[in-house]
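**Q** There's a structure below that I have some questions on.
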């Protein structure tokens, strides 16, 4: 028995060490994954674009000694035997790379290559065959040469999607555009009574969570509502002055809109009220045509009318399911716009901090600074001292809460505390020249529907102002709502939010309110205070109501300088330096868009900055549409995958093939660019092949897997490209066209032009089929 075991061991040892049945060398085999089975596969990681100095991912130098030992142990356990011919082993080809003498047998989703049996005669026959010259370092081996009677090539046909009628296709397309969230899904298979209940809950979310409301939730919302009220009251007064409106309008706008939003809004954390940027834009745009000092009644009329048009615009976007229009303002341009607007707002507050009476009405940086130094004779040291001291205190409390979120109540209560203390000091120093708010009327919001004007010379101004402020307030409100919804793991319907904010502003314009939305600073305090539902907005409105009814005389001696300090503290958080630095690191084009919007606001005007922000966002979209990304692809060794040769160092070009990946839809705007870019790729690849003394390009493969759509201009471009290449004896084939693209191709003459023999299931099949056709 021992002798037989020794004989079997000797036979196995001789088979393993023969030249035709050699175990692959450690350098040529991938390291097994720790904990995997014997059939461990090589893992390829995504490579950053253009990282030419990074070592190859499969280089032994990138493995630690421990990993190397694990790899050797895995290889000893696996004892895999190399069934490749000797010439293929000497050429250093991968096990899964097609080579001469292989039988191509296409499986379900990729090409697999089944190796033939070793040549008769074992090592002697293999050694007698002259070894071929090894291929170039960065080029794939020649595609498989198919011999008659030995090769079997099975290709998949490109399948068409289910045929749909024109009406059905249009209906499905419109549903995807306007109803991506399928809002009617919950009404299916429900009784009439249940549908009525669901409809009420859909349009009035308070009926959805109101039935489960409990005293425990009320306790949390009560604390949160009182906390944000302490911040909303001083901010409302301050932001009203920023919009050149009477301070009482800010309190009115902090009372009615939160009540309406609590009924219609779907966000639990959004704290509604006036915001700085919309107030600044409204004040700057209206002041150009109407003076708030000389014509205060007319200024109120155009302000309320602008608020009404802002609400109409917002509600119309939500009702027509056009919320995606707001997404045209990219985050990069908003970062620049908000930063520039925050600096302009802060510079405008120098009037209050320095005690200047005659100040410029322009918003530009140069005009403001000129006015500051030109009116240096109006500076008041008492005002400067008080303003500087309270500004330092407010900024200090802001830093404390930022470093320790549990102390959020310090920064939340600091503005109201500053108002109380400064009012007491101003009352004591009333003989000194410190500007104060003055008398504020007591009582709830008076109706203002009779002040809305829809005729005259100011209608165009109010519509333009309404659209501008509507876009800004809507963008801020939805962004804040979605941010906190993602934190608390619930959904916010953007279109419903647009309708809620729009109805809130339309109703507010009839109740002496101006544009309001969800404030980021107040919403952050609301979340930190532990709000559970929108009842916190009702509590805040109740606190404002108490203030309007009983506490208004106490604000008589509130100094204007403290309002300027509160505004500066609120807007300083809009200057996102880290965000701008991240844009520079990630995307230089986004950084340029950010800086263009920033400088537009800072050096020209807020309106110009907003126009620049919108224009740059649209330009970037057009640039991406008209100049889609296209890459040259190569085969990743050890796989059936073709990837960008610029991104993956190990990806190698297939000789005589140009594989181009199109990573965008093909429309009329980029169809000609597609033709030009492919021809440029072809020229570069032929020059490279000529220098390397390789075969010229005889087949162009367009990888269409990332082409989501195509129009008639794109189809014409493919036809033209095919004709141009045919004149140069180059074949054009398409790989993996998606359903809508394949459907349109077969519905046009392009499908007949290419035919099924030029449409392939994958790039691997296209390359294999092209190689088979090239065999003599």
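In case you wondered, yes, glycine gets a Cβ from its N, Cα and C as well.
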**Q** What range among 512-533, 534-555, 622-643 does TrEMBL record as transmembrane segment?
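**A** Checking TrEMBL against the ranges 512-533, 534-555, 622-643, the transmembrane segment one is 534-555.
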**Q** Among 258-279, 478-499, 654-675, find the range that TrEMBL records as transmembrane segment.
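**A** In TrEMBL, residues 654-675 carry the label transmembrane segment.
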**Q** Could you give the residue numbers and ranges of same-chain residues that sit at least 6 residues beyond the transmembrane segment (654-675) on either side and whose C-beta is under 8 angstroms from one of its C-beta atoms?
**A** 139-140, 142-143, 622, 624-635, 642, 644, 681-682, 685, 689, 694-714, 716-718, 720-721, 724, 763, 767, 770, 774
**Q** The transmembrane segment (408-429) vs the transmembrane segment (561-579): three or more C-beta pairs under 8 Å (separation of 6 or more)?
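**A** Yes, these stretches are in contact.
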**Q** So which residues does the transmembrane segment (332-359) touch in its own chain, when a touch means Cβ under 8 Å and the partner is 6 or more beyond its ends?
**A** 242, 276-277, 280-281, 365, 368-369, 371-372, 375, 378-380, 382-384, 387-388, 391, 433-435, 475, 560-561, 563-565, 567-568, 571-572, 574-576, 579-580, 583, 587, 590-591, 593-602, 606, 609-610, 612-614, 616-617
**Q** Do at least three CB pairs under 8 A connect the transmembrane segment (449-474) and the transmembrane segment (298-320), leaving out pairs fewer than 6 apart in sequence?
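**A** These two segments touch.
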**Q** With pairs restricted to those 6 or more apart in sequence, evaluate whether the transmembrane segment (379-396) and the transmembrane segment (591-619) have 3+ C-beta pairs under 8 Å.
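**A** Between the transmembrane segment (379-396) and the transmembrane segment (591-619), contact is absent.
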**Q** Per DSSP, how many helix, strand and coil residues does the domain 'STAS' (647-770) have?
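**A** Counting residues by DSSP class gives 62 helix, 22 strand, 40 coil.
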**Q** Checking distant contacts: for the transmembrane segment (561-579), what same-chain residues at least six beyond its ends satisfy Cβ-Cβ under 8 A?
**A** 234-235, 237-239, 241-242, 247, 276-277, 335, 338-339, 341-343, 345-346, 349-353, 355, 383, 386-387, 390-391, 394-395, 398, 415, 418-419, 422, 434-435, 437, 520-521
**Q** Same-chain Cβ contacts of the transmembrane segment (449-474) under 8 Å, 6 or more residues past its ends?
**A** 275, 277-278, 281-282, 285-286, 289-290, 298, 300-302, 304-314, 317, 326, 329, 498, 501-502, 505, 509-510, 515-517, 607, 610
